[in-house]
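Inspection log for the structure reproduced underneath, given as structure tokens.
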Amino acid sequence: MNALLSNPFKEGLRKRDTQIGLWLSSTTSYMAEIAATSGYDWLLIDGEHAPNTVQDLYHQLQAIAPYASQPVIRPIEGSKALIKQVLDIGAQTLLIPMVDTAEQARQVVSATRYPPLGQRGVGASVARAARWGRIDNYMAQANESLCLLVQVESKVALENLDAILEVEGIDGVFIGPADLSASLGYPDNAGHPEVQRIIESCIYRIRAAGKAAGFLAVDPAMAQKCLAWGANFVAVGVDTMLYTEALDSRLAMFKSVQSVSTAKRSY
């Protein structure tokens, strides 16, 4: 029988390693595999804002599997049924968006664990994650290898951050800069000094609680700031944004800049 593969991303968090990631929003296994050959420590497959179906997520997991980059899946929301599907297709690390309270965090923890630790539905014999029933003691191994990250991205979540950090089974907390800045009254302005102060404070509080702290920064200078503040899993770009920037830059070499978008982009 096959042994369940370890979760190198989770091991990296435990060792307090700095892990650099990339956001995948293109929804294709082809682009996912290209990214996986680039050497990023982790790749976030986005099911919240990118139009990914569960089958799309499945194909991207397959494309990334032969490489060292570790996949993280962000589902559209943290419902028990959807979490069950995403785990069954082989995800070992989840980023759950819009977690505002400790009770929500506890519900997500329960949805990701098999009984008696939680309420994850049992279907190992038809699940890629269990090699279709070929992994001995799969349920216990799955509970152990699961890495759960929750996303804090609202004023309410900030008020409840300490309580969320106390929830057992949460491995890390990810700060969502776009929604957070909008919730704080600074839409599309995560660089505002007040937002920056809050982000720095949150990273410190997360690390002080013994959890991993994550962030997405499409601006390299902001990514460096977050790393200096103590964030230890940071995504430094979005595939679709990098693609559009490269397209526009190449076109600008041959056509007047007036015909090419020069708008500053943010996630």
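Quick reminder: no glycine exception, Cβ is built from N, Cα and C everywhere.
Keep in mind that this is a model prediction, so the values were computed, not measured.
Listed by Swiss-Prot as binding substrate are Ala178, Asp179; the candidate from Gln141, Gln151 that the record includes in that site is Gln151.
Here the Cα atom of His49 (active site, proton acceptor) is found 9 Å from that of Arg74 (site 'Transition state stabilizer'). Nearest Cα neighbour of Asp179 (substrate binding site) among the listed recorded positions (Arg74, Asp88, Glu153): Glu153. The shortest Cα-Cα distance from Asp88 (site 'Increases basicity of active site His') to any of the binding-site residues (Gln151, Glu153, Ala178) is found for Gln151.
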